[in-house]
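Quick notes on the structure that follows.
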């Protein structure tokens, strides 16, 4: 899968990053970061394209939730618990939810729909979604960029401190996501 995506990203460039970030978000953004490290694409332009793709897709999902949420959400029986948690959490922390929903495992697609079905205003969602999308794009693309750099330097410049730093970063990211999910369940 990633080999086909990598080829698609290299072949179609920033358009592929933009569209791919809408559909296969993290994977495309991460692989685009690798392409940027290998100087196949420009790092700043990749961050912008990935961020915009995430922002546009979440805005579309928000408006689907705004106009069709009352019909869609009751039909998602397998997601019922996540939907209830998310709805309660949105009421208490809507700013942080809008910014951080794209980082919550299992809520990447349904999250903006749930937010759209809530009382969050479209303008507020739009502004907070830009902030969240920019953070998301920069983090995921940078992860691909720097992990690619690390992997390519391993055979010649194996650095234990670099591996420890990446390991700590990944552990912090995992704990942060776990903490966010636990807060949503409360």
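Cβ atoms are placed via backbone N, Cα and C, with glycine included.
Look at TrEMBL and you will find 12-34 (among others) tagged as transmembrane segment.
The annotation domain 'VTT' is assigned in TrEMBL to 25-145. Per DSSP, the secondary structure of the domain 'VTT' (25-145) breaks down as 105 helix, 0 strand, 16 coil.
Per TrEMBL, the feature transmembrane segment maps to 46-68 (among others). Sequence-distant contacts of the transmembrane segment (46-68) (same chain, at least 6 residues past either end, Cβ-Cβ under 8 Å): 14-15, 17-23, 25, 28-29, 32-33, 35-36, 101-102, 109, 111-118, 122, 125-126, 129-130, 132-134, 136-138, 140-142.
With a threshold of 8 Å between CB atoms, the same-chain residues lying at least 6 positions outside the transmembrane segment (125-146) that come near it are 21, 25-26, 29-34, 36-37, 43, 46-48, 50-55, 58-59, 62, 95, 98-103, 112, 115-116, 166. Sequence annotations record features per position, and here TrEMBL assigns transmembrane segment to 125-146 (among others).
Annotation comment: TrEMBL describes 158-176 (among others) as transmembrane segment.
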